[in-house]
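Below is one structure; the comments refer to it alone.
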Ligand code: 5GP
């Protein structure tokens, strides 16, 4: 009985170790360092001079919407190093760096809205609620999803279903709108907020300080537009954002967070 017990524990430990090794190998095979989970504030998309459109003319809820889940390098790579894992690149000593923060995948999978749709049918209502297009160029969100999959998802190491599900689950787990409301950061056309208070609120709730991007409304006022949360290679755990990141957020010390 005792022997059986020891054997079971040993077998469990071996399988956990093997699973760990398999995971390690899998993560090492990925050609990026972390994901950006990017969400856009709809009011700040809509109140610029470009305006916005809603699929089916139905205004969505006043909630952040997913823009994408983007595989990223932690540092710029040389053109020569692009495509190699960080631990095999010579980037640190290179002079001519190219910004590859949002590089294209080399192995683009030709895809279209219909093919994307077939594989994620069970996620569709969740996607429509949380990843809707606001662009007037697209009449339907499927074109947006298709673009995000082709441009970013194909580098993720995940299949289509896992990719979209990971992005949805991350948003559901860390509800940005709720996090900001709980910190007293309420959408308003009058108030201004310290950028640091927005960053701190997200950092406190998730354990990781996000990067923030701002744009300007038609009155040329700076407003919070997108929140970039850093996520580990598993696509689910928040990680510390690599510093310094080659990113110009366009924000000022105080920003608007407009009503929608
Ligand atoms: P990305 O920045 O992800 O590489 O490209 C975004 C593309 O998706 C652009 O071509 C943009 O026109 C299109 N798009 C469609 N709907 C949306 C939307 O709601 N927000 C943003 N930011 N882009 C959208």
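Each residue, glycine too, has its Cβ placed from N, Cα and C.
The Cβ of residue 67 (active site) has 23 other Cβ atoms within 10 Å, all protein chains considered. Residues or ranges marked as active site by TrEMBL: 67 (among others).
All chains included, 22 other C-beta atoms sit within 10 angstroms of the C-beta of residue 148 (active site). Among the features that TrEMBL reports, active site is placed at 148 (among others).
Annotated active site per TrEMBL: 152 (among others), in sequence order. DSSP assigns residue 152 (active site) to coil, not to a helix or a strand.
Positions annotated as signal peptide by TrEMBL: 1-19.
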Legend entry - Number of other Cβ atoms within 10 Å of the Cβ of residue 152 (active site) across all protein chains: 25
Legend entry - Rounded Cα separation (Å) that holds between residue 148 (active site) and residue 67 (active site): 8
